[in-house]
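TrEMBL annotations:
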- 128: N-linked glycosylation site (CARBOHYD)
- 209-217: disulfide bond (DISULFID)
- 212: N-linked glycosylation site (CARBOHYD)
- 283, 584: chloride binding site (BINDING)
- 412-430: disulfide bond (DISULFID)
- 443, 447, 471: Zn(2+) 2 binding site (BINDING)
- 443, 447, 471: Zn(2+) 1 binding site (BINDING)
- 444: active site, proton acceptor 1 (ACT_SITE)
- 444: active site, proton acceptor 2 (ACT_SITE)
- 575: active site, proton donor 1 (ACT_SITE)
- 575: active site, proton donor 2 (ACT_SITE)
- 600-612: disulfide bond (DISULFID)
């Protein structure tokens with residue numbers, strides 16, 4: 001507990017330093033930040049020990065409520081699977097629906113156990129990055145590999161016949177099963193598992209040291225992330241940006257390339273052209289050309305608005321940092337309040353349309369109301385239950401990782417886990433009490449709600465309609481959680497504070513988070529697709545191509561010259577080394593506005609959608625739950641239509657939401673003489 005207290009003290013002191021530095025630039029939050037943080041330090045150093053103990057004790061009490069012997073037993077599960085695998089049903093007619101159903105029942109029973117083991121071992125490793133936990137994952141991959149090798153060819157044979165079946169469920173099931181991949185080389189399985197663990201280890205433990213003191217070094221979370229959010233000094237931001245991209249990205253490069261080579265070898269052995277084809281297939285949005293055309297068109301539909309937003313942001317930053325960069329060109333990536341320049345809302349204080357009408361400071365309200373981290377989660381849970389969704393389970397409270405441990409290395413990137421076993425759902429979040437994490441908590445618990453909603457589906461349908469759906473669900477809830485109307489309902493904002501200027505400022509805050517994100521999300525997989533297709537020369541273009549795409553589609557550039565033989569700036573973003581597809585986030589940012597608009601319409605609101613809040617509306621919640629409960633049992637377009645009446649991506653929903661701001665930006669950029677576009 002003394003270590004916890006010391007670390008918390010240091011973090012608060014660092015925060016104080018940067019808040020005070022930022023104060024002279026800040027207008028959108030209430031004043032007296034020094035007094036506030038001094039009081040915050042005093043109050044929380046007195047309470048941190050008791051608060052942490054209370055939350056820990058609460059989790060311990062929740063653990064006592066669950067059966068202590070009910071977690072997945074790896075050895076037992078593997079033994080049961082060994083026995084079941086020997087009992088695979090006989091197949092003598094692949095056109096027989098009866099045999100197809102019998103084999104499927106057997107397959108799902110074994111597959112589910114392997115999934116449960118995999119999730120458990122993955123959880124163990126991500127929450128405790130040890131060699132022992134890495135080896136356990138690798139050993140399990142080798143253990144389950146023969147089952148995949150045995151069953152995938154059978155699933156493919158059944159699929160050849162079931163594609164003509166009148167049983168739509170059977171047809172869909174085998175179509176999905178036939179998409180699987182296997183590795184026939186145990187050595188490659190070992191190498192791939194080891195390289196993937198190395199990539200996660202590098203990302204999670206990389207540190208940036210002070211230029212004049214290499215004993216003072218900082219990890220990404222929480223220090224560097226927080227610095228990028230609140231620091232305003234051009235050179236200090238550059239130190240953090242360059243340090244992280246060098247210390248993380250450069251080290252990722254020599255591990256990542258052999259890792260994707262193994263993936264490429266394996267994917268081709270499974271009949272695919274490349275990894276891009278496999279990723280795209282999972283979305284069920286047509287072939288590669290069709291899928292990429294949908295994303296291209298979606299970005300083009302939003303781009304006129306993005307260009308106006310970019311012009312305004314660049315113009316304001318040029319005034320704050322005169323002669324630092326070309327005011328007609330791309331924006332340097334380190335100036336946008338985020339390590340990757342993917343979302344820009346942390347620079348809102350410099351970009352508000354009406355600085356005299358400040359937005360509520362959620363971080364300050366959390367401290368003022370004496371929130372704890374536990375209460376942040378309970379507040380999110382209250383939102384879900386108010387619309388008749390599910391409360392979190394005892395195991396969620398007992399087994400989640402809510403804060404960053406001080407005694408071990410972990411993967412801090414926020415994520416949710418579905419063990420698909422006895423209501424075991426968890427989140428892994430290195431929570432800090434601020435507005436970003438207030439949003440993140442709602443988002444990740446939105447995933448949990450999705451898991452619980454489709455838990456009654458058959459095992460293979462216990463998944464999102466497509467991967468974009470899962471992210472969109474969490475983000476839709478997150479949007480409601482910070483809407484002005486909702487903040488009034490939970491006592492974070494006075495009704496009298498809301499006027500036309502406040503609403504415009506709120507729209508700007510949301511645009512900086514949501515619209516600014518789209519080109520970044522688009523480039524993440526456009527870059528990797530090109531890499532997977534061998535369209536990038538690794539020696540001369542690996543880093544240059546990344547920045548060429550960032551400039552082309554988003555008008556964002558590296559703040560300093562980068563060297564291609566050495567740098568790998570894409571690798572400094574978590575989803576690259578983790579191998580997580582990113583088009584899902586692009587799709588989610590379109591879908592969430594469709595979900596949001598549909599639920600607002602269900603309660604009769606068709607205008608000023610940014611002022612909509614569904615909190616407490618059980619009718620809307622039930623309609624939402626009905627969609628969630630479908631899991632992946634039907635094509636995503638049908639599932640989307642069940643809530644929205646639409647069966648495709650509709651970027652116009654986003655444009656409609658921001659229409660008042662779009663009009664304001666066009667007039668303001670014209671009045672200020674800010675050029676639109678970039679060279």
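Residue numbering: from 1, along the chain as shown.
Placement of Cβ uses the backbone N, Cα and C atoms for every residue, glycine included.
Because TrEMBL annotations are produced automatically, they should be read as predictions rather than curated entries.
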Among the recorded positions listed here (443, 447, 471, 612), which has the Cα closest to the Cα of the residue listed as 'active site, proton donor 1'?
471
Centre the Cβ atoms of 443, 447, 471, go out 8 Å, and tell me which other residues of that chain have a Cβ in range of the Zn(2+) 2 site.
416, 444, 446, 470, 472, 473, 474, 475, 478, 588
Cβ neighbours within the same chain of residue 600 (disulfide bond) - under 8 Å, at least six residues apart:
606, 609, 612, 614
Between residue 283 (chloride binding site) and residue 471 (Zn(2+) 2 binding site), what is the CA-CA distance rounded to a whole number of Å?
13
Taking 209, 412, 430, 612 as the disulfide-bonded residues to compare, which has the smallest set of other Cβ atoms within 10 Å?
209
Can you tell me the CA-to-CA distance separating residue 209 (disulfide bond) and residue 444 (active site, proton acceptor 1), as a whole number of Å?
31
Out of 128, 212, give me whichever of these glycosylation sites has the highest number of other Cβ atoms within 10 Å.
128
How long is the line from the C-alpha of residue 128 (N-linked glycosylation site) to the C-alpha of residue 444 (active site, proton acceptor 1), rounded to the nearest angstrom?
20
Once near-sequence residues are set aside, which residues in the chain of residue 584 (chloride binding site), 6 or more away, have Cβ atoms under 8 Å from its Cβ?
283, 466, 467, 468, 470, 471
